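Undergrad: Structure below; questions to follow.
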Amino acid sequence: MSERALRGTRLVVTSYETDRGIDLAPRQAVEYACEKGHRFEMPFSVEAEIPPEWECKVCGAQALLVDGDGPEEKKAKPARTHWDMLMERRTREELEEVLEERLAVLRSGAMNIAVHPRDSRKSA
C-alpha cells in the first residue's frame, strides 16, 4: 500500500490556475486589538456583519474591534427556582387543595409511615 501512495502532497494542494480574469468578492480589512497590545487585521466581506470581538492570533485572548462598539452585554435571566416551575403548572388554590388532601391522609393514618426507618426492619 505504501508503494502506491502519492509521494507529494503539494500536487493536491497547489492549484495551477491563474487568478487573471477572476473577480474576487469585495473585502474590507478590520482591525482588532487585545489587552496585551497585539494588533492584527482580519479580512471580511463588505456584506458581512463584523463581530465585535475576535480571538487574538498571537496570544489567544479576546481581542476587541478597534474604533468600534464593544460587545453587547447580554441580559442575564434570573434563575428559575423549583417554586417558579411549580407555579407554572398549578395555581395557588390547586396547591392548597393538594396540601389539604395530603394532610387528611396523614391525619387519618391511612399511610403507614414509620417514625424511624430502622424500627421497621426485622432484627437478626
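Here the Cβ of each residue, glycine as well, is placed from N, Cα and C on the backbone.
Feature table excerpt (Swiss-Prot):
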- C34, H38, C56, C59: Zn(2+) binding site (BINDING)
- 73-124: region 'Sufficient for interaction with HrdB (SigA)' (REGION)
Undergrad: Within the same chain, and leaving aside C34, H38, C56, C59, name every residue whose CB is within 8 angstroms of the centroid of the CB atoms belonging to the recorded Zn(2+) site, in sequence order.
TA: A33, E35, K36, G37, F40, K57, V58, G60, A61, A63
Undergrad: Can you tell which of C34, C56, C59 has the least company, meaning the fewest other C-beta atoms within 10 angstroms of its C-beta, among these binding-site residues?
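TA: Counting other Cβ atoms within 10 Å of each of the binding-site residues C34, C56, C59, the minimum falls on C59.
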Undergrad: For the region 'Sufficient for interaction with HrdB (SigA)' (73-124), what is the mean per-residue pLDDT, to the nearest integer?
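TA: Mean per-residue confidence for the region 'Sufficient for interaction with HrdB (SigA)' (73-124): 83 out of 100.
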Undergrad: Relative to the Cβ of H38 (Zn(2+) binding site), which residues of the same chain, six or more apart in sequence, are found under 8 Å away?
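TA: For H38 (Zn(2+) binding site), the qualifying residues are C56, K57, V58, C59, A63.
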Undergrad: Which three-state DSSP class does H38 (Zn(2+) binding site) fall into?
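TA: In three-state terms, H38 (Zn(2+) binding site) counts as coil.
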